[in-house]
Structures are given as structure tokens and as C-alpha cells.
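Here the structure is laid out as C-alpha cells; the discussion comes afterwards.
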Amino acid sequence: MALSRGLRCCQRVFSWIPVLIIAAVMLWSYYAYVFELCLFTLTNTLEKVAYLLVFHVCFVMFSWTYWKSIFTPPASPCKKFQLSYSDKQRYEFEERPDAQKQILVEIAKKLPIFSRAHSGAIRFCDRCQVLKPDRCHHCSVCETCVLKMDHHCPWVNNCVGFANYKFFLLFLAYSMVYCVFIAATVFQYFLKFWVGDLPNGPAKFHVLFLMFVALMFFVSLMFLFGYHCWLVSKNRSTLEAFTAPVFVSGPDRNGFNVGIRRNLQQVFGEDRRLWFIPVFTGQGNGHYFPLKNRSSESHNPLLANEDLWEESDDGSEGSLVEDHDPSVTIEMEE
């Protein structure tokens, strides 16, 4: 027990190493650009002020989105998807597998769940003791079920999912802007140092490496950002891109694709003025997502009006319509 706890503690410590690497590169780039380039190399005051103003805007947005990606806790299923104390007691004391499944089927009747396991069964997490909402997956690193889980990213030491997917996309976008601005403004001084028009000194090392690092990060970020833009346009997560979600009718990679405009609104919200600011503006609560084939939603009046399924003022969730097929089974996933 003590050894296992120690290993988990070490794992948590080492998991911050990629974040510290990124933070170190950010701090070095700040020093190299502000001090070595702008303050020690540039001689034109107007150029110096303009560079510093734009750079600090890019740096603040880059840092802000990175902070939000790291420290926004992953969203987990609400209490309605958890086994209540009485249900848990019935489930644990019941020794017959078929009877256990039936207990879970009765609970699933009250929930808006349309995705299935590959066997056709409703997905159940035995570790978290929850019925998994659509697009929810268990993260073994975070040790919890994450709503609309995309992937666990070591560079932010966090699960990217419903709660912080917008922040992650903005982080990639502002990282690219940051790299492009540095490369564009450093280029002429990179050439001057390279051909010897400027004297050798500490600034030369920093300016040369600024150019190389900015271009290197930009190329890698460009492909990653482009891939996630494609995922957003198709309304898929990284996990769903590799393994198509399964519905009653079978696997369908486009099961949640409701058109580019609505796909974007699910992540960024309807107010376009807030799209590029790292504040949460996504639609819904992460437990239910509109389906491409809306005929399946007609079987559950709840899904025709999602507002009916919200938390009440006293903190308890609203009632859920009991209109699911009682013939479905439950698959327990490790």
C-alpha cells in the first residue's frame, strides 16, 4: 500500500515535467525577445515600442490560454449518472450477473444515453460507479470519467475534454500566433547576425535560437491545430476519430455531426465576440449532445427540450424522462 502510494506520488511529480519544459521555453523566449532583441539590439525607438506592445499582447494570450488548459478541472458526470447509495447496495449484494445488469438497466432508463459499447450494451464504469454519458470516457491518468473526453495531454498535464477543449484550441492558436510574430520580427536581425552585420555577443545566441525554436514549434503546432480544426468541423473527439462511437444502429463516426456552424457553436458558443477569449462559452452541460439522426431523439421528449434537464435551484438535477428501451444491457468496462 505504501509502495503504491509512493509510486503514484512520483508519477504526479514527474507528470509536471513537460509543463515545466514549456514554461521554461516561454520564460526564456520572453527574456530573449524583450531584453536581448528589443532592449539591447534594436536602435529604432518606434520599432522597439511597437514590437514590445504586440509581443506582450501575444504573450499574455498565450500564457492565459495555457494556464486555463492546465488548471481547468476535467468535468465529470453529475450525480444522476452515479449509483445512489441504495442502488449501490443492491448492486454489490446481488451475486447474479444478470440481476446486476437489470439493476443498472433500471437506472439507465432515466438517463439520456444513446451511445453504446461495441457489444451494443450501455457503457458502465466499474471504477467510478457511473453510467457513462455519451462521449464520456474514463481517464486512467486522472482516475476519473471525463465528459466529452478528447485525450489526456502530457503538455498540459490534464485531460482535454468538455470543460477545457476551447481553451486547448485557443492555446494552440495563440501559440502559433506567438511563434509567427517572433519569427517575422526576428528574421531580419537573424540574417544580420548570421552574415556578421551585427557584432557578436550574447544577443546573437538568443536571436539565432529564437528563430529556430519559433519555426520548429510553429511547424509542429500547425499540424496539430489543423487536425483539431478538422475534428471540430466534424464534431469528433480524438478518441472518436480513432474509434467510431457506437449507437443502436451501429458505429457512426458522424453520429454527432450536426453541421459546421452548430459544431462550432457547441465548442465556442453563439456569441462570436467571445470565441477568442479563454472563458467557457460552450453549449450544454456535457451530458447530452444533439445527434445527426434526430429521429432517435424523438423517442425521448427530454431531448426535444434540453433545458428541462438542468440543475434546480436547490442543487439537485431536474427529473429525467424515463423512456429508454428496457431491453438494453450493461457492459462493465475496466
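Yeah, the Cβs are placed from backbone N, Cα and C, and that goes for glycine too.
Copied over from TrEMBL:
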type	residues	note
COMPBIAS	307-316	compositional bias 'Acidic residues'
DOMAIN	122-242	domain 'Palmitoyltransferase DHHC'
REGION	306-334	region 'Disordered'
TRANSMEM	12-33	transmembrane segment
TRANSMEM	49-67	transmembrane segment
TRANSMEM	167-191	transmembrane segment
TRANSMEM	203-227	transmembrane segment
Beyond the flanks of the transmembrane segment (12-33) by 6 or more, those residues with Cβ under 8 Å of it: 55, 59, 62-63, 66, 70, 141, 154-157, 182, 186, 206-207, 209-210, 213-214
Restricted to the domain 'Palmitoyltransferase DHHC' (122-242), the mean pLDDT of the model is 94
